[in-house]
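Each remark here refers to the structure printed beneath this line.
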Amino acid sequence: WIMGHMVNSLAQIDEFVGLGSNSIETDVSFDKQANPEYTYHGVPCDCGRSCGHSTKFNDFLKGLRKATTPGDSKYHEKLILVVFDLKTGSLYDNQAYDAGTKLAKNLLQHYWNNGNNGGRAYIILSIPKLNLYKLITGFKETLKNEGHEDLLEKVGHDFSGNDDISEVQKAYNKAGVTGHVWQSDGITNCLLRGLSRVKAAVANRDSGSGIINKVYYWTVDKRSTTRDSLDAKVDGIMTNYPDITVEILNEDAYKTKFRIATYEDNPWETFKE
């Protein structure tokens with residue numbers, strides 16, 4: 001999965017998919033009442049990027065739905081996964097359940113079209129703090145209450161705070177999550193970070209007894225870091241330059257070991273070599 005980083009305007013969906021992304025990451029800001037408000041990152045952000053792209057969240061969802069609905073004029077067949085990076089800094093911990101509820105209602109109406117031929121992409125809810133685990137509970141219970149529990153098959157989870165993996169496991173236990181888990185690791189492209197925690201996450205994924213199904217590393221812009229990530233056997237690379245990821249995947253060392261995921265690849269299944 002080649003995950004285009006910080007895709008916060010509708011034009012950027014076309015731009016990043018055009019460069020080779022089959023997945024995008026979108027930042028979601030919340031208002032004081034825990035309503036998802038904008039797709040917006042803000043300052044500071046990755047080096048070499050404009051931090052200010054912003055779209056009303058529901059308008060973004062409608063455009064994203066068009067981009068992932070077969071037959072639509074804006075449809076991109078290869079866009080199959082969307083990571084919502086939930087920027088919860090404006091929320092108190094006790095608003096997590098509310099935020100999950102409101103996020104679910106927004107997605108149900110504007111992305112899934114109330115279950116009537118909505119967008120088909122898989123969705124990852126990426127949460128920055130473990131103590132916001134009730135966001136997952138609120139999201140799941142809302143879809144169940146609205147009669148659309150089936151859509152949870154399309155939803156996965158990530159805690160993005162680079163916490164100790166055993167602590168991540170505990171948070172999922174509290175939230176009742178037993179699958180559909182991606183584990184992110186990374187840092188802004190302005191700084192360097194080693195691969196030791198990525199390797200620990202991959203080991204958990206491959207142990208057969210851990211909770212992790214997939215691992216992605218962010219933000220990977222350099223060719224050398226891309227190779228290091230692939231050598232560590234990650235499932236996803238989040239990048240500002242998807243064309244570089246595509247280029248490296250075509251190198252002799254990688255083209256027989258990796259391929260770009262399609263809609264038929266289940267993002268919640270751990271890959272077995």
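Here the Cβ of each residue, glycine as well, is placed from N, Cα and C on the backbone.
Owing to the predicted nature of the structure, the values given are computational and were not obtained by experimental measurement.
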### Query
Same Mg(2+) site as GLU25, ASP27 according to Swiss-Prot: which of ASP59, ASP72, ASP85?
ASP85
### Message
Identify the disulfide partner of CYS51 as annotated in Swiss-Prot; candidates are CYS45, CYS190.
### Response
CYS45
### Query
When you put CYS190 (disulfide bond) at the centre and draw a 10 Å sphere around its Cα, which of the recorded positions HIS5, HIS41, CYS45 have their Cα inside it?
CYS45
### Message
Long-range neighbours only, meaning 6 or more apart in sequence with Cβ under 8 Å: which ones does CYS45 (disulfide bond) have?
### Response
MET6, CYS51, THR188
#### Entry: Spatial neighbours of HIS41 (active site, nucleophile) among the binding-site residues GLU25, ASP27, ASP85 [C-alpha, 10 Å]
ASP27, ASP85
